[in-house]
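Right, one structure below, let's go through it.
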Amino acid sequence: MSLLTEVETPTRNEWECRCSGSSDPLVVAANIIGILHLILWILDRLFFKCIYRRLKYGLKRGPSTKGVPESMREEYRQEQQSAVDVDDGHFVNIELE
């Protein structure tokens, strides 16, 4: 007798999951952690440029602007913004000849 004759083929009504341990707290916790991880990974991939620019430039405080005229403050803001705009960050283009 070959192995092929002993293999059971599932019928359509037997394809449902009948797990007896699906209400186990460890399984529930693992499912929740997995779903949260997937959501965070998707958000990271969608908004990575925005998030990492904010972390790189947004958390750094510049020098104090007390007593500095408004025109110089605006010039400083424009310089900082142009520095952020120039940095596209994570990708390198390599051209082959």
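The backbone N, Cα and C atoms fix where each Cβ goes, and this holds for glycine too.
Computed from a predicted structure; not experimentally measured.
Some features that Swiss-Prot has for this protein:
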TOPO_DOM  1-22  topological domain 'Virion surface'
TRANSMEM  23-43  transmembrane segment
SITE      Trp41  site 'Seems to be involved in pH gating'
TOPO_DOM  44-97  topological domain 'Intravirion'
LIPID     Cys50  S-palmitoyl cysteine
REGION    60-83  region 'Disordered'
MOD_RES   Ser64  phosphoserine
MOD_RES   Ser82  phosphoserine
Measuring Cα to Cα, how many Å separate the residue listed as 'S-palmitoyl cysteine' from Ser82 (phosphoserine)?
15
What's the CA-CA gap between Ser82 (phosphoserine) and Trp41 (site 'Seems to be involved in pH gating') in angstrom, rounded?
29
Across the whole of the topological domain 'Intravirion' (44-97), what does the mean pLDDT come to? Round it, please.
69
Report, as a single number, how many Cβ atoms besides its own are within 10 Å of the Cβ of the residue listed as 'S-palmitoyl cysteine'.
9
